Every structure is written in C-alpha cells, then in structure tokens.
C-alpha cells in the first residue's frame, strides 16, 4: 500500500502580477501539502497572497511557475470547470436568476447526473445545511446566513475532492458567524471533505482548523496546528498577528539547564527555555501570552522563584466581562498586556498607577525564531 | 399644520411631472383623438362628427405600409440584438480602462444630425458610389445592380441609426453581473459556452428586453430611412402619416393612422412582455 496522496500539493508555485509594467510577486515560491480530509486555513492580512493561493487551487489563476497537484494529478493549466474542487465565494455569488434548488443542482446538471439522482442529492444536501423547504426561494429572498448555506450546499453537493472557502463568514454578524463556525466544522466532519479556508480572522482560524498556514507578503511565515502557532509563533509577525503577544528583547546573561536568563535589573528578569545553540551575550526576542502572566500588587510570592519577574506600573485597566486587561509599563522597557480571568475575584487586582509585579513560569516564555 | 404638510407633500412632488404629462402628453393626445374623428377638408375646415370611418378607411388604404413597417421593425430589431450583444459584451467584460472611450465612440454619431447621417449613407450606397462603383468596375456585380431603394437598404439604415439604443441597455445589464457569479458557474463545471448560456445570457435578458422596447417602437414608426434610402416599394407607415399631415393636410386620416400605429405597437409590446414573463425579467432587473 502506498501512502495516501495529499489532496492538494503545491510544488515551487509562485505568482507574479503585472502592475504598471512591473512584475509584482503575489505569492513567492511555495511548497505546500494539504492532507485528505484536513481542515486547512490560509490566514493572513489582506494582500498577503492567501486569496491568490486559493484561486490557483480553483484554477482561476495560473501560477507564474511551479505545479499544482490535486490528488497527485498535475492540474496546472487545467480549466476551473475541469478541476474537481468547488469554491464558496466571499459574497456567495449565488445565481440570482435561479432558486435555491436550481442553484444547488447547477453543478450536478453540468456533470450530467440523472434527474432523479440530482433530486435526491440536492434534497439530502439541503437537509445537511438545514434549508429543507426553501427550494423555491430566490437568493435575494433569503437572509445572509441562508444564502451562505446555499453557497455551501451548492459546492458540497458535487462531492468535490476539496472545498475552497474564501472568507465565507465575513459578511455575517458576530452571533451568526460563531454559529456558522460550529456548523461548518460539523458539516466538514459529516462529509469528510478537505476544506481549505481563507480568512483574515485569527479567532476563526484557531477554532476551526486542523492546521493553519500564516501568510504574510506572499510567504508562509508558519505552518502548524492552531496550538503550535499560538504557543510557538515562529516569527515576530505571527506572534503579533495571532492573538495578543508581549514581545521583549534582551541579551542572555547566563544559561543553565536549558533555560536562559535575561536580566534587566537585580530583580527584573525573564527566564526562557532555549536550545543548545544559545550562548550568553546573544540577543534574543521573547514572546509571552497575556493570559499566562500573574499580576501581584506588592512583593511576588516565593512560588515564583525560578520564573520570570518583571516590575512595572499599571497604565490602563479595562474591564471585559469575563476578564480584566491590564497594561503595565515594565522594567524591561516594553509595555505588557496581562489578562486576568474574573473567576472568583470580583475586584480588580490593581488600579491605574499601582506598582505591580508580573510573574510567569519559565515554560510560558517563548524565544521567537527557534 | 405639519400633518397637513406631510399629507400634501407627495402631491406637491408629483405636480411638476404631472403638469408636464398633462400639457405635453394628455392634451395633444386628446386633440389628436378629436382630430381623428373629424370630417371636412383643409379649405372649409374640419368638424367633429364622430367619423369612425376615418379609421376603417385608413386601415383599408394603408394596411400594406403598416404591415411592412412592423416587418421591417421586427427584422431590424433581430439584427440589432445579434449585432449589439457582442459589442456590449466586449465593452462590459473586456473594456477595462477604455470603457468610457468605447461608450463615447458609440454615442459619437449623435453629434451629427440623424437625417444628415442617413443622407450620407445614400452617398455611400449610390449606384456608382464608393462601394458599388469599384465592384461593378471589377465585374463582380452587374451594372444594373443597386442597393438604394430596396428593403435591405432601409433596414440597414434603421439598424445603423438605432444600434446604440440596443447596445447601451444590454451593456448596462452585462456590466451589473458580478464577475464572481460567472466564476461560480465555471467552478461548477460549466465550460465557457455553458456559463454564457446558463448564466450570462439570462442575466442580460432585462437589458435585451429594454433594448427591444427602445428600438422596435421608434424603428417601426421611423419615416426618415425609407424616405432617404428607400423607394415607393419600401414606404413605411411613418412616411404615410407625415405625408398626410404635411403634404395632403388630411389631418383626420393622419391622426387615425397615428392611433392605429400606437395601438398596434402597444398590443405588440404587451404580448411580448407576457410571453417573456416581464415579471421575472423585472425581478432580476431589480436586483
């Protein structure tokens, strides 16, 4: 038995656009393999090349160089109608002159599936997306959420090798978006099709994906599971783009047992796990997530011995309901954000202008770029 | 006070348009209707006598010109659709930055009088003119061959003169199509021909519908093209009406013919709207 082919593979793909006579790279040399049945997200700010990447899978853009494979078959240069992938467009792009049933049946009709079979499959698909009874509705007679589900059904009913979703939830309001995230995940599990999901919403990518490729300026900055990307951002860009990160740099004072200590004063220090390559005197960049940090008014407890300790002054206190966010100007020179869960303590830990100590365990510091 | 104002507002707003319609549409129509039922002659004056015979006599005398006008109108409209669609399609989908230029070029002929342009076609198509002359010299056409005075010359002139009226509405309809909808069709296994047939053309139909209305009616009632490019065998109903008014001063017959033409066109349009299902077309158009 051979190992299963990746559903989608990019080999040395790059894409340049001509703009005012100049060749501008939209996607730089990219090698990528997306596994069968995977929920894969392309995440990045607008203009990072994520949509171009997706359009090259669909066949709406041809790479300037390199090859695109679907199920191990080279599809570079193959027209979109001959590629066994389907797309859910950003603004749904439903056929305005066709009703729900006709919209969903469109692909099957092109594939010359029998009438009775189409009827059965469309019916089943409408049931999966909970639109049974809406067959006769025209797109503009439906809400955004319903249109979005028609778009999904229209693509999925063809059992494509992969489903491409281009910011499909962008036009929905927050509540509906969260509902649809769960719904999408359920549908993906049910149909077992590879999903490639383009989004600029890091929260969405983190909740739904098996793996995420974080893109910036035409390059994949990091590829990994949501946990890896969140806990171990590979670059300053990823650390800043995914959630909130506290970034601080400094020179290693000493290394012991795989931990490096960066000292800012006699009592202010950051302890970070490092590889064997780190040497005293090296300049490193450290990232710490705001929810990992404990905030103390007064002297830090003894339990924090061996971990990081930074003193500072509270600049801002913002109440968020489930948590309270503090901004602290620290002795390390950088402003730190600290999230404190409002679990049992109804009162704030500190007020503006208070002198506080921030502490966190060594494993919560992360050295960027290793 | 405010409530009175608010209730009056719609009527006040409709006043200018209403007055306009009354003055320039309703009054002339009533005057013409009355004229069409009068009897007499230009020397002794006309009297209103409910003379319905004006209608029956007009139909009897000029039904062949009326039918010819409708046939010319229908042929010209079909040719217009066939010619205008590719033009509109090209401008809408491949015009890019040059769209305004193309649209300007399309409207450029309007800067020269309609009659003048038609007369210049006469020069072009004349028996020994720049088109037929060389072909005859080369022996490709017989010396007696002519275009002027024939139905093709008249229909050609009509098509030429009304092309922008067909291109523009189709262009507007095509322009409004979301390119992603076309991409969606391609994504759902439709080849370029099928996505045109199943998506682009149906979505352009409201434009075709509007173009047909805007060209079939004036084309059928046209009196210039046949006058300039045609002959006695191509006489259209518009020419007859014009001659009755301005040459023979037979106002009742001219008015009766005008009403007959209007009635025929209205019936035709309603039948056409019904057949195409205007409601659906309008639904799409209203999107």
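Cβ from N, Cα, C; glycine included.
Positions annotated as domain 'ABC transmembrane type-1' by TrEMBL: B:66-272.
Positions annotated as transmembrane segment by TrEMBL: B:12-37 (among others).
Residues annotated as transmembrane segment in TrEMBL: B:70-91 (among others). Counting same-chain residues at least six beyond the ends of the transmembrane segment (B:70-91), those with a Cβ under 8 angstroms from any Cβ of the stretch are 99, 102-103, 106, 151, 154-155, 158-159, 162-163, 165-168, 170-171, 174, 200, 204, 207-208, 211-212, 215-216, 219-220, 226, 234, 236, 264, 268.
Residues or ranges marked as transmembrane segment by TrEMBL: B:103-125 (among others).
Taken from TrEMBL, the feature transmembrane segment covers B:145-174 (among others).
Below 8 angstroms of C-beta separation, residues 73-74, 76-77, 80-81, 84-85, 88-89, 162, 165-174, 176-177, 181-182, 185-186, 265, 268-269, 272-273, 276, 278, 281-282, 284-285 of the same chain, each at least six residues beyond the ends of the transmembrane segment (B:195-217), sit close to that stretch. Residues or ranges marked as transmembrane segment by TrEMBL: B:195-217 (among others).
Residues 32-33, 35-36, 54-55, 57-59, 62, 66, 69-70, 209, 212-213, 216-217, 220-221, 237-238, 240-241, 244-245 of the same chain lie 6 or more positions beyond the ends of the transmembrane segment (B:254-273) yet place their CB under 8 Å from a CB of it. Annotation source TrEMBL lists transmembrane segment at B:254-273 (among others).
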If one takes Cβ-Cβ under 8 Å and requires six or more residues beyond its ends, the residues near the transmembrane segment (B:103-125) are 87, 91, 131-132, 147-148, 153, 156-157, 160-161, 163-164, 167-168, 171, 224-225, 228-229
